[in-house]
Every structure is written in structure tokens, then in C-alpha cells.
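According to Swiss-Prot, the feature transmembrane segment maps to 5-25, 63-83, 132-152, 170-190, 253-273, 283-303, 329-349, 356-376, 379-399, 416-436, 484-504, 526-546.
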Amino acid sequence: MAAQGFLLIATFLLVLMVLARPLGSGLARLINDIPLPGTTGVERVLFSALGVSDREMNWKQYLSAILGLNILGLAVLFFMLLGQHYLPLNPQQLPGLSWDLALNTAVSFVTNTNWQSYSGETTLSYFSQMAGLTVQNFLSAASGIAVIFALIRAFTRQSMNTLGNAWVDLLRITLWVLTPVALLIALFFIQQGALQNFLPYQAVTTIEGAQQLLPMGPVASQEAIKMLGTNGGGFFNANSSHPFENPTVLTNFVQMLAIFLIPTALCFAFGEVAGDRRQGRMLLWAMSVIFVICVGVVMWAEVQGNPHLLALGADSSINMEGKESRFGVLVSSLFAVVTTAASCGAVIAMHDSFTALGGMVPMWLMQIGEVVFGGVGSGLYGMMLFVLLAVFIAGLMIGRTPEYLGKKIDVREMKLTALAILVTPTLVLMGAALAMMTDAGRSAMLNPGPHGFSEVLYAVSSAANNNGSAFAGLSANSPFWNCLLALCMFVGRFGVIIPVMAIAGSLVSKKSQPASSGTLPTHGPLFVGLLIGTVLLVGALTFIPALALGPVAEYLS
């Protein structure tokens with residue numbers, strides 16, 4: 001079993017790196033504002049038709065464009081969901097959503113979280129899924145990538161005050177990165193058996209003679225960008241464990257690759273744009289080390305079996321509860337770590353049914369800020385915050401002003417870095433405390449004791465860090481939970497983007513200093529270890545007390 005697990009991890013990472021390397025080169029061209037071959041004429045026509053100016057923006061203008069687009073998208077999606085019953089492509093005549101569920105869903109998809117307090121096949125029409133959720137899957141992913149484009153330019157430009165043009169970046173990312181890759185993935189899913197139609201739900205007779213209503217819909221097109229954009233919201237309630245979304249082991253492997261593809265490519269792109277590919281490889285090494293360790297822990301925990309079933313005398317040599325038999329324990333464990341290391345949240349197994357330690361690792365990966373590969377764009381700019389913190393700590397130890405890529409990291413950057421890093425832990429801990437203090441929060445818990453608290457902590461961690469997966473034992477479709485999680489998702493997304501853009505605005509105006517004998521190398525194994533230690537230290541100090549009350553207490557009980 002151990003050999004199979006290591007082979008699975010190694011194969012996954014090898015294929016991932018092979019695919020991400022050329023995509024990283026294409027992204028590097030876009031960061032450097034070099035159009036991809038053959039796209040200049042199309043861009044010129046589109047910019048002219050849309051009235052888009054390619055004039056560069058400072059950080060405030062760039063941020064305003066990103067915020068404006070997302071707030072407008074939130075409003076449009078909110079009213080679309082409220083009035084769903086008036087719109088076309090609703091063969092099941094599904095009613096509009098309640099205001100609190102519509103708000104939660106709109107915020108969820110605009111912030112790239114895709115938390116779902118509803119069942120897709122019984123709640124949303126085809127129009128809402130396509131024109132509402134799928135559109136936001138593209139736009140939220142493009143927004144995250146645009147932010148990291150701006151931050152990378154801030155590190156590599158000198159003595160400037162502009163970071164590019166947000167509208168140009170968003171258009172190029174959507175047209176030349178997300179759309180073509182998502183199209184290829186969608187066609188592969190269709191070939192493998194995923195649904196793509198507009199038929200009414202089909203009544204069929206099962207082999208047992210019973211009647212069953214099978215949901216239909218344009219699944220493959222949404223599934224592709226759901227994974228590629230690290231969105232994660234399923235067309236169906238069962239998400240990627242549903243055979244209409246994820247029909248074969250091949251589609252399952254491609255889905256995992258799609259989740260990590262752009263985050264990995266962005267690391268390669270960062271190294272190219274910085275003029276030192278070792279910088280990108282350093283980030284990949286740090287992410288990969290944490291990732292492999294976490295996968296190993298989850299696999300080990302799940303193959304030990306369920307101790308509660310063993311105590312009852314039941315056969316539980318491995319923990320298959322809540323897992324698809326066609327995927328098994330090892331693949332389910334790998335997928336769980338992939339989807340929570342990235343801010344995806346798609347699932348092929350019920351995380352609520354994992355063992356105490358097996359469920360704690362995905363929760364902790366979210367709590368450290370989704371920086372182990374992370375979401376498209378958001379994972380890398382989150383990790384860059386820890387890079388700045390690690391450089392600052394190293395500077396304190398050797399008594400020098402911290403530098404990164406030749407740019408001095410001053411008090412302003414460190415204050416903004418600390419603010420950005422503290423946003424999501426504050427939301428998680430305060431949100432979980434509020435839920436446990438109120439009847440409205442506690443009434444949603446299916447289980448008592450440590451596992452019930454773990455359900456609450458997981459939900460708030462998932463929302464604040466824009467992941468979207470859940471311990472499904474929490475009944476979250478209530479005004480209290482819909483509003484609390486919507487607030488966590490919105491602040492968790494834009495409360496980090498705002499200081500990140502402010503950091504970019506500060507760094508882009510600085511001039512790079514040549515390296516000296518006292519400059520800390522940021523591309524070697526020493527800095528990789530320092531960076532990993534910084535991530536672990538912040539995660540440990542912040543969340544160990546809360547984790548001790550939940551999964552650790554459950555494991556020891």
C-alpha cells in the first residue's frame with residue numbers, strides 16, 4: 001500500500017511539472033505585457049469594441065478595477081438567483097432562491113470559494129448554472145491571476161508607479177489561458193462520459209424495477225473551469241464523486257492535474273519574469289515538501305481504518321466510509337489534499353467521514369492560508385506574503401535590512417504583510433467562536449462533542465480561506481450561517497487582496513539593489529527550509545488551540 005501511495009504521488013507531480021512548464025512560459029509573456037503569437041489583431045479589435053484603454057494603472061486604479069468588476073458581478077448574480085424562476089433554461093421549473101441563500105451563493109462564486117449551502121440539481125436552473133456560476137468561475141479565477149500579475153511586476157519593475165492594466169490582463173487571462181484550456185478539458189470530459197446537454201431530467205427504470213429521476217444539464221463545460229480555476233462548486237450535490245461529473249479514473253486524474261496546473265505554472269512564470277528561474281523553483285520546492293508530507297499523513301491515517309468501527313468489532317482494515325469504491329482510499333486521500341491545498345474545494349469523498357487525523361490535515365491546509373500551491377493567483381500571492389515574512393525574520397537574525405529580489409522590505413511592507421496574513425485567522429477564530437456562542441450556530445451541528453466543533457471550525461476555515469469544501473454534517477442553509485459565511489468569504493478574499501495590492505504599489509516604486517556578500521540567498525535549500533518553517537510556525541501558533549479542541553481531542557478520545 002505504501003509503495004502504491006508513493007508511486008501515485010510521484011506520477012501526479014511528474015505529469016504536473018511537465019504540463020505546467022510550457023504554460024508558465026506563456027504566462028510569463030503575459031506578465032511582461034507581450035501578446036501571445038497571433039493574438040494581437042484580435043486584442044486590438046476587442047479593446048476597440050469594448051472601449052478598453054491599454055494605459056497602465058497605478059495600484060489604486062488596478063485595485064479599483066478588480067473590486068468594481070467583482071462587486072458588479074456579485075450584484076448581477078444575486079438578482080439572477082433571486083429571479084431564477086423568471087429566466088429561461090429552467091425545465092424543472094425551480095423557484096428563485098431565498099435572499100440569504102442567494103447572497104451566500106453570489107458571494108461564494110464571486111470570491112472563488114464556491115461554498116454550496118444547496119444541492120445543485122434541486123435548486124439551480126441550467127441558466128443559473130451557466131450564465132451565473134460558470135461565468136463567475138472564469139471571472140473570479142481571472143481576478144486572482146491578475147492580482148499576482150501585478151505583484152510579480154512590482155518585484156521586477158524598478159522606479160515605476162504602474163502595475164499594468166487590469167482590463168487588459170483580465171481579458172488576456174480569460175481569452176488566452178482559461179478559455180482554451182477549459183475547452184480542451186471539457187471536450188475530454190465529454191469523451192469520457194460527462195454530461196453536456198439541456199434535456200429535462202430523465203425518468204428511468206433501474207435494474208431493480210424502481211423508478212428514478214436522473215438529473216441532466218451542461219455539466220462538462222462547468223466542470224472544466226470548476227477545476228482549472230480552483231473554484232470547486234459542483235453541478236450536483238455529490239460534486240466530483242458523481243459519475244455524471246467525474247465518470248472515470250482518467251477524468252479524476254485530469255481533474256487533480258487541472259487544480260494544480262495554473263498555480264504551478266505561475267511559479268515557473270515568476271522565475272522567468274524575475275530573471276532567475278531558481279526563485280520559482282524555490283517556491284515549488286517549499287510547496288511540494290509540505291504537500292507530500294500532508295498526503296502521506298492522510299494516506300497513513302485512512303489506511304489504518306476507523307477506530308470506532310474497530311472498537312465495535314466491525315471489519316475496518318481501511319477507512320472506506322464516505323469514499324467512492326471506484327477511486328479507493330489512496331486516490332481519495334490524494335484528492336482531498338489537492339483540493340484543500342489549493343483553494344478548490346471539490347471532493348470525491350466525504351471529508352466528514354475521514355478519520356480524526358485524516359480530516360485534520362485538509363482543515364489545517366486551509367487554515368495556513370491556502371498557500372501550498374493554493375488557488376489560481378491567490379495561492380502564489382499568499383505564499384509571497386510568507387516569503388516577505390521569512391525574509392524579515394532572517395533580516396532580524398543577521399541584523400540587516402531585509403531584501404527580496406534586490407528590493408528593501410521596509411516597515412510599510414511588513415505592516416501590510418502582517419495585516420494580510422492575520423485577516424483569515426481572525427475571521428476563522430472569531431467566526432467559530434461566534435457560532436459556538438449562539439443557538440443559531442450550534443443548532444446546525446449534526447454531531448456533538450469534538451467532531452461537532454470540527455464541523456464548525458472546518459466550515460469557517462473553508463469560507464474564510466475561499467476553499468468551499470465542507471464537513472457535510474453541518475446544516476449550513478440558514479440565515480445565520482449563510483450570512484456569517486458570506487461575510488467570511490468576502491472579507492477573506494478582498495481583505496487579503498487590498499493589502500497585497502498596496503504592497504505591490506509600494507515595491508514597484510523602489511529600485512533593485514545589487515546583491516552583496518551580506519545578502520540572504522532566496523533560492524537555495526536554506527531559504528526553502530526557512531520558508532517552510534515560517535508557514536508552519538504561523539499555522540501552529542494560530543490554530544493549535546482550536547485544533548486541540550476538535551480533531552486532536554477526537555483522535556485522543
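Backbone N, Cα and C atoms are what each Cβ position is placed from, and that goes for glycine too.
Sequence-distant contacts of the transmembrane segment (283-303), counting only residues of its own chain at least 6 positions beyond either end whose CB sits under 8 Å from a CB of the stretch, comprise 1, 5, 9, 13, 17, 264, 267-268, 270, 318-319, 329-330, 332-334, 336-337, 341, 354-358, 361-362, 365, 371-373, 380, 383, 387, 525, 528, 531-532, 535-536. Sequence-distant residue pairs (6 or more apart) of the transmembrane segment (253-273) and the transmembrane segment (484-504) include fewer than 3 whose Cβ atoms are under 8 Å, leaving the two stretches without contact. Taking every listed stretch (170-190, 416-436, 526-546) in turn, the largest tally of C-beta pairs under 8 A with the transmembrane segment (379-399) is reached by 526-546.
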